[in-house]
Every structure is written in structure tokens, then in C-alpha cells.
Amino acid sequence: MEAGLAALAEFRVRAEVGPVLRDFCARRSALIKALTDDVEQFCAQCDPDEEKLCLYGDSNGRWRVAPPAKDVPPDLPEPVSGINLFRNLKSKDYWLNFVAHRSDLWLLSLALFEGTSSGFGKKHRKLLYKKIDQLPKILEVARMRRNSRAQVQRVFNDFTGRSRALLKALTEDTNEFCRQCVPDGGILCLFGDTNGQWRVGPPDVNVPPGLPQPEPGINLYRGSMPLVTWLSWVARFSDIWLRSLASFEATNNIGLHQADRLRVHDMIEQLPTLYDVVRNYHVQSLRLSYTYRAS
């Protein structure tokens, strides 16, 4: 009997804490969105020339930048005022971290205020604080996501740098590339570096285990197929190498989470492949050459 009453009492505590916790989570999600996915929009709205502004996370899951509310109870916790006034006085990361930290304090104060207004007892307050404490702080989430966004951009920038280098070798620098790919020069590869420079050389020996390497022996096939076909063939294998290398870096070197790896993949997929660009470039060049000869 006593155990049943205790369980019922615990159930009631959880049920009564639930609305306050859901309100906390909705506001928290809104603030995290402002400081991560919508960070550029948020920064733009925090104009230092405007009056003192606050960052609000509303219970509908949306964020807004607005002046401090006027018609509120005097003891109702409000977010820090004037975040816009020193937006440009510190580094962007420092400022965003400050806003995130003060947002954490505001949310906690607001949840405790709502709990007190609802007549929470000791058990209610303990459960509410326990549930809130289990969630990562806004500061932690915002900092982590900004770092992951920078790492995603780093992998993508490395990809585009190498891609730009390989594209140059297979289009603008075709003559020099072919000159270096002598069939009797041993087993050679086409490398693209992140600085946009290409080079032809033997496969690298001292590389980490599992690191993707360019297709070896491309020079051995140079004379066995038409030039455009050979260049397109090299481009196709270069596409495979670039994508494999980006995946390796994202997974092994940086350790991106699945969502960030998918983001890298989607960014890369929006770019044309080397094969398509190289083939179209040389086909168009041949057409122009035929047109010139015919005239």
C-alpha cells in the first residue's frame, strides 16, 4: 500500500514538472538554433547602433532579438540586455560564447521561477534541476557545432583545392601533364595538393594505413587510347580518389559525426565531377578545332 502511494506521488511530481521542463527544452532549442544554424542571421540582427537588445528563446521553439520586455512581473528573469552593444568589441567566438553562457543562466533562472510560481516542493525542484542538468549547456552545444562546422568546411576546402589542381592538369596544363606521363617512366600517379598545385610522381610510400592513393600507372595507358579518352579516364579515377580521400579525412583524421560527414558529402555532390568537366572541355576544344579547320 505504502509503495503504491509512493509511486503515485512520484508520478504526480513527474507530471507536474513536465510542462516546465518542456517549456525549458523548447526555449533551449530556439536559443541553440540562433547560435548555430542561424548564427549569421542572429549576428546581423544584433546591430550595435540599435538600442539595447536581448536574445529570447520562446516556448514555441523560435528565437528573436528584441528590446527588453516592459510589461513583465518585476521578479521574472529576463535575458541579458545589450548584447548588441559590444558585438564588435570582442572576437565573434568570444561574443557568441558570452551570449550562450548568459542564455544558459537565463533559462535556468526562468525554469526555477516557473517552478516556484507553480508551487513546486523540494522533490519537484530536485527532479527539475536533475533533468535540466542532464542536458548539455547551450554554451557546450554552440561551441561544439561551430567547431564541427569549421571542420566540415576544412574538409570541403581541401577537396576543392585538390580538385582545382587536378582540373588544371587535365585541361589548361594538358601538354605539360602529358609530357610528364611518359610510358617508360615507371608507375606514376597524378596528385592534387590542397594549395591548388598538381604533380606527377610515383605512389607515396610513407602514408598512414588506409589513406587513399591516386590511381597508379596512369602513364602506362597513355599511348593505348585516344588522348581525350585517356584524360577522361584519369579524371574518373581522380574523382574516386578525391571522394575517398575526403571521406577518410572526415572519418579518421578529424572524426566528424555522421551528420557532419553527410554534410560534407552533400556539399561535394553539388559540384560537377572532374570527368564531366574534363570531357566537356576537350570535346568542346575538338569541335572548335574542327570548325576552324573547316573554315
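Positions of Cβ are set from backbone N, Cα and C atoms, glycine also.
Automatic, uncurated: that is what TrEMBL annotation is.
Taking H, G and I as helix, E and B as strand and the rest as coil, DSSP gives the domain 'Alfin N-terminal' (19-141) the counts 66 helix, 8 strand, 49 coil. According to TrEMBL, the feature domain 'Alfin N-terminal' maps to 19-141 (among others).
According to TrEMBL, the domain 'Alfin N-terminal' annotation covers 152-279 (among others).
Along the domain 'Alfin N-terminal' (152-279), the predicted structure has mean pLDDT 93. When the domain 'Alfin N-terminal' (152-279) is classified with DSSP, helix, strand and coil residues number 78 helix, 8 strand, 42 coil.
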